[in-house]
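Participant: Below is one structure. I have some questions about it.
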Amino acid sequence: MASQEQLSAIKRAKVLMVGAGGIGCELLKTLALSGFQDIHIVARDAVLRFRPNISITPYHANVKESRFNVDFFKEFDVVLNGLDNLDARRHVNRLCLAADIPLVESGTTGFLGQVTVHLKGKTECYECQPKPAPKTYPVCTITSTPSKFVHCIVWAKDLLFAKLFGDKNQENDLNVRSSDTANSSEHSEDVFECRKDEDIERYGRRIYDHVFGHNIEVALSNEETWKNRNKPRPIYSKDVLPEEQTKENGNEEKGCAADDVSAMVSLSLKNPQDIWSLVENSRVFLEALRLFFLKREKDIGNLTFDKDDQLAVEFVTAAANIRASSFGIPLHSLFEAKGIAGNIVHAVATTNAIIAGLIVIEAIKVLQKDNNNYRMTYCLEHPSRKLLLMPVEPYEPNRSCYVCSETPLSLEVNTQRCKLRDFVEKIIKAKLGMNFPLIMQGASILYEVGEDLEEDMVVIYAANLEKALSELPSPVASGSVLTVEDLQQEFSCSINIKHREEFDEEKEPDGMLLSGWVEAPVDKDNNKPIGNDESTSNALPSMETLEGEKDDEIQETSEVVEAFSGKKRKLSEVSEVTAPDPSGPSSINQNKPEKLDIDDEDDELIISDDWESFTKKKKL
């Protein structure tokens, strides 16, 4: 039973929930049943049916929108995360740091799960420890010699979808001129642009023929490439779908509303677990492209792939399957393709319910300011010393963290060749997770994003994007120090620049090397990331520290060994050091986590959104 003090803290609390997926739905139910009275979240209707007297404020929006700023976060007593992607988690972490609001993080992957607590200056922030980076592939493999279905997914998602529906200004390896364009008078015409007075069915077939037919023939012309490989076959729309079938492709009567468009509905394809034939994939490809231009034309040019966008998933699945058919790779269902493209490990409802309960337990401790009893708790798949839930004392902030400790970063870059656009897209946005960056050198502003900028400044900053770093109004050279801020996140960091002439295209494809921002620790034997992707910042102790120890001889100490750095850090000492809770577990143990593979064992793709790698050892 909750004490009167706990009940009072619960009823007074104003709680912000971010995310309403598998964990979020369970969490909302648990919060309501635990007595919380003021909850801000989405998906409120089901809960209000059995707790009609509580206040639930829904926000059907992206947490990265500008209205959800630091002042908004300051309205709450605690923030509870139920997100499924690294980018949004980093964003919320920085807003909580800026607002000085406690954050309770969580994540699940199948039967595995964890809950962690983050308080500014007292425990690690979410970004204090490295997160495993998603598997990357050489561009030549993706564009020319795919051998696995995941290669086709990456091609369809990151190249074709981005080229057709994303930012037209970004460089893209698909922008190869077709033969008919080369023979025309307009040599500079972009093949992927819809021509004047060209109907959408004709445009769709032209794109189909270009990427699945013409480009394959171009690839086949390089005979050296195929000496030891199976040759792909060009696929043209007329050979798969006669012209009259295209006219029957979509059914306007069955069309969905603009915000719920589906090629599967239009084509009466019902089961997402069916593997479509080449003909069916071709019909879905052309219908999805048609629906994008008819129903969502205003979005074209600004779209990025989203696993929750049904039409985008249908298009990517169909495109990947057609390419797979060309290269003799087994086809996959939409259900499987969505899992690969969206880095999804399908949830176990029981795990989500357990994690939701643990989140509420930690939230109550936060509201009571019960600093000495905060715990990171891990849910295990197999019992370890008869335990399925393993509590671990939180760690203190990492003094090398560039987010909460403001440690400067270093960037090696060819300042004479690298454009400011590359620096913004590949470093500031992709690696540092900033949404509205302001870049300064000394007192000189090199680039800024904002809704209130004057027109002449927008023009100047747009021009700067196309200049090399050394050609900017305030030239960037070796020894320069750039200050980068995100005004929405109220987060800033310094980057020390070091000029470097050459980079290894395979190992350093960005042409830049950022130090101080750390990716996943790598298994030296297999050159693979350790553990899974995008979880909370802390990790379990490893098994080898426990070997040879007897149960009755194990005692906790207040030191942690960081496996990837060899350095020791003391556990969080929020107030006074207290003895471990006698009612809690006397020792900590855990089996190694399972790695999640998409394809063969020789080329692993880590696809979990919600389980942290084993990066620390607890010294016993």
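Glycine is no exception: its Cβ is also placed from the backbone N, Cα and C atoms.
Automated prediction, rather than curation, is the source of TrEMBL annotations.
Residues or ranges marked as active site, glycyl thioester intermediate by TrEMBL: CYS140. What TrEMBL lists as ATP binding site is GLY19, ALA20, GLY21, GLY22, ILE23, GLY24, ASP84, ASN85, LEU86, ASP87, ALA88, ARG89. Positions annotated as Zn(2+) binding site by TrEMBL: CYS125, CYS128, CYS401, CYS404. Summarising the annotation, TrEMBL assigns domain 'THIF-type NAD/FAD binding fold' to 42-384. Taken from TrEMBL, the feature domain 'Ubiquitin-activating enzyme SCCH' covers 295-338. As annotated by TrEMBL, domain 'Ubiquitin/SUMO-activating enzyme ubiquitin-like' applies to 411-503. Under the heading region 'Disordered', TrEMBL lists 522-604.
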Participant: Do you know the DSSP helix, strand and coil residue counts for the domain 'Ubiquitin/SUMO-activating enzyme ubiquitin-like' (411-503)?
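Facilitator: Residue counts for the domain 'Ubiquitin/SUMO-activating enzyme ubiquitin-like' (411-503) by secondary structure: 24 helix, 30 strand, 39 coil.
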Participant: Have a look at the recorded positions (LEU86, CYS140, CYS404) and report the one with the fewest Cβ neighbours inside 10 Å.
Facilitator: CYS140
Participant: Among the binding-site residues ALA88, CYS125, CYS128, whose Cβ has the fewest other Cβ atoms within 10 Å?
Facilitator: ALA88
Participant: Using DSSP, what is the helix/strand/coil residue split across the domain 'Ubiquitin-activating enzyme SCCH' (295-338)?
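Facilitator: Within the domain 'Ubiquitin-activating enzyme SCCH' (295-338) the tally stands at 26 helix, 0 strand, 18 coil.
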Participant: In the structure shown, with every protein chain counted, which of the binding-site residues ILE23, CYS401 has the densest set of Cβ atoms within 10 angstroms of its Cβ?
Facilitator: ILE23
Participant: Could you list the residues of the same chain, at least six apart in sequence, whose Cβ is under 8 A from the Cβ of GLY19 (ATP binding site)?
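Facilitator: Spatial neighbours, sequence-distant, of GLY19 (ATP binding site): ASN81, GLY82, LEU83, ASP84, ALA88.
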Participant: Suppose we draw a 10 Å sphere around the Cβ of ASP84 (ATP binding site). How many other Cβ atoms does it contain, all chains included?
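Facilitator: Counting Cβ neighbours of ASP84 (ATP binding site) within 10 Å gives 24.
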Participant: When you measure from the Cβ of GLY21 (ATP binding site), how many other Cβ atoms are you left with inside 10 Å?
Facilitator: 17
Participant: Within 10 Å of LEU86 (ATP binding site), Cα to Cα, which of the recorded positions CYS125, CYS128, CYS140, CYS401, CYS404 are there?
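Facilitator: Near LEU86 (ATP binding site) by Cα: none of them.
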